[in-house]
């Protein structure tokens, strides 16, 4: 792998136990950009994603995202999600009905894991706590790859994980900003401050092939065509390959990784809710990272 894969380091998943303490204590026993607000009652124009996930369903999938204990409470609105999706017209709109639903389930599962506040015995189960965080907690560094001259780091800026997919590193913030219309190198903080931009960065990552990697979208809708190197690395199409694209350097080619299993747990739940089978190759245990 030429460069690290964008992913949080001190992930919300690893910090869920801390949140569980907070939850128990509280209960007693992220011109063209839209701002982050927007409460209930949003009526989007018909769109591929809104035809699959209604506002009511969205609220039920992310049951605890606005709990007082979640740092991202009030941030990840349905309106922002749908508005962001309109910038990517092929998202949730490619292939048959099952393929479209499966892609949405996979996307929501990946962002749920990246932002989860759940734990094994959490109220309503561990898979009801997606979108609880909008920013990496206690980042270990500024995630600046100084060798990347195309996307040079700006002094004093940190490129740690932010937003639903926890985009990280200067070589991701830079091109994401260029594609979406903001300065990702000088103003990476906007990903944690504007919910529309936060969702757009996640969808940009989802839809965009990078270097030797296919896009997550291509994998989930059947457009991925493995080359000889992919075949040799056992990078077979399925949800597991999406995990490889997102964070394979840390999670793939190893047995029983808890993070991989957590992603699969979210994915199974969302596929069940949407009434679609999960498809093959859910994990990346035997895949070489990109």
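The backbone N, Cα and C atoms fix where each Cβ goes, glycine too.
Feature annotation from Swiss-Prot assigns signal peptide to 1-28. Swiss-Prot lists 70-132, 144-153, 252-284 with the feature disulfide bond, giving similarity to another entry as the kind of evidence. Residues or ranges marked as active site, proton donor in Swiss-Prot (evidence: similarity to another entry): 114. Annotated N-linked glycosylation site per Swiss-Prot: 193, 234, in sequence order, evidence recorded as sequence analysis.
Around the Cβ of residue 70 (disulfide bond), 26 further Cβ atoms fall within 10 Å across all displayed protein chains. For residue 153 (disulfide bond), the same-chain residues lying six or more positions away in sequence with a CB closer than 8 A to its CB are 142, 144, 145, 146, 159, 170, 185. The distance from the Cα of residue 234 (N-linked glycosylation site) to the Cα of residue 252 (disulfide bond) comes to 11 Å. Closest in space to residue 132 (disulfide bond), of the recorded positions given as 114, 193, 252, 284, is 114, taking the CA atom of each residue. For the disulfide-bonded residues shown (132, 144, 252, 284), fewest C-beta neighbours within 10 angstroms: 144. Considering only the recorded positions 70, 114, 193, residue 252 (disulfide bond) has 114 as its nearest partner by CA-CA distance. Nearest in space to residue 193 (N-linked glycosylation site), taking C-alpha to C-alpha distance over the recorded positions 70, 114, 284, is 70.
Of all the Cβ atoms in the protein chains shown, 18 others lie within 10 Å of the Cβ of residue 234 (N-linked glycosylation site). The Cβ neighbour count for the residue listed as 'active site, proton donor', using a 10 Å radius and every protein chain shown, is 28.
Using a 10 Å Cβ-Cβ cutoff, residue 193 (N-linked glycosylation site) registers 16 neighbours.
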